[in-house]
Amino acid sequence: MAVFLSTFLPDTDAESKVQLVATGLGKQPSKEENATRYRLVTEADVKNIIKPRKEFSHKGTYGHALIIAGTTQTMGAALLAAKGALVGGAGLTTLTIPESGLVALNTALPEVMYTKRKALLKEKALDKYTAIAVGPGIGKGAKAEQILEQLFSLKREFVADADALNILAGRPDLLNKIEKHAILTPHVKEFDRLFGAHENWWNRLQTAIRKAVELGVVIVLKNQYTFIVSQRGEVFINPTGNPAMAQGGMGDVLTGLITAYIAQGYSSTDAAILGCYIHGMAGDELAKDRFNITASQLAEQIPRSRYQLQSSDS
Ligand SMILES: NC(=O)C1=CN([C@@H]2O[C@H](COP(=O)(O)OP(=O)(O)OC[C@H]3O[C@@H](n4cnc5c(N)ncnc54)[C@H](O)[C@@H]3O)[C@@H](O)[C@H]2O)[C@@H](O)CC1
Ligand SMILES: Nc1ncnc2c1ncn2[C@@H]1O[C@H](COP(=O)(O)OP(=O)(O)O)[C@@H](O)[C@H]1O
């Protein structure tokens, strides 16, 4: 039975009702499906992308994720993003937060390392990190903007979330020279701050496609069905996740998770597809016996979901 894009949008419009969605990324699409850019991600697709943990591997095998996040008031966002990287299996995770968060970090996440921001943003200081995320709870002040400027000057690709996106919304000069393969992970408000207000989701999605191609980045437009838009303008629709997940901090965990997958060597598009699928899958598993899910609970579930994917037959 044909599936149309409108199924995955929270509002209605004439266009999306006639846009076919193909199921699966790998299998040969039917003739009419072949023409569509919209693809629904399946469990089989995700299993095709994920690689097992290797024999004789060690922490150096799985990359080093750096998370630049947090202010004194939003240290939680930073901790949740770092936790996302940790549960996503990065070999090492380093967090850079204001020093006032050190006790919280060492108490809540003893596996995560710390580095001072000043030390970090120097020539070559980023070389040892295989993936970088910036933004959760970092604030929109001058200091945060300066960090972002320095990251741009060091020409590293990164995952940009939350306040990094809010800063970029006021700095088109930076946004327009973003490194190719960067990943932007906006929710609807952040997306419209970045690219202007939209009257419906169909228009918003068309802007996402145009911008992903124009800037050469992956855009993860978050919602109940998250759209992962590749640099080639393909739209991968994530089917997992549920309203029990609608609580603050969920996106911070996703940012860390996607960063962990980049650290482990996945491409930007694959890391985004994997991250969204497993994030939502963890939420679906937990929602079987609870009304709502906290971001910390979801993070704890992620290694189990990842394991289930590997061990199930389908
Ligand atoms: N523990 C913490 O310290 C937390 C800190 N956070 C940080 O707080 C800062 C502000 O982020 P916020 O996202 O709260 O603020 P924003 O002002 O960007 O957006 C919040 C509002 O956007 C709307 N919204 C979001 N997703 C939506 C969707 N899919 N559909 C419709 N409306 C939607 C909702 O009305 C929501 O109240 C960020 O830096 C963020 O990382 C949050 O991540 C929450 C947890
Ligand atoms: N109703 C829902 N169904 C599926 N996923 C949801 C739902 N509500 C929230 N999520 C997921 O939770 C995350 C919320 O991200 P975001 O709004 O950035 O949160 P925060 O800024 O609080 O960390 C996204 O990945 C989104 O897809």
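Positions of Cβ are set from backbone N, Cα and C atoms, glycine also.
Remember, TrEMBL labels are computer predictions, not curated facts.
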Given TrEMBL lists GLY137, HIS187, ASP252 for (6S)-NADPHX, the same-site residue among ALA77, ALA82, ALA85: ALA77
Candidates GLY233, GLY248, GLY249, GLY251, the one TrEMBL lists with LYS222, ASN223, GLN224, TYR225, THR226 as binding AMP: GLY251
HIS187 ((6S)-NADPHX binding site) and GLN224 (AMP binding site), distance between Cα atoms, whole Å: 10
Binding-site residues close to ligand 1 - of ALA77, GLY137, THR226, ASP252, only those whose C-beta is under 6 Å away: ALA77, GLY137, ASP252
ASN223 (AMP binding site) as reference: those binding-site residues from GLY137, HIS187, ASP252 with C-alpha within 10 Å of it: HIS187
Binding-site residues near GLY251 (AMP binding site), in sequence order, restricted to ALA77, GLY137, HIS187 and a 10 Å Cα cut-off: ALA77, HIS187
Alpha-carbon spacing, ALA77 ((6S)-NADPHX binding site) to THR226 (AMP binding site), which is rounded to whole Å: 20
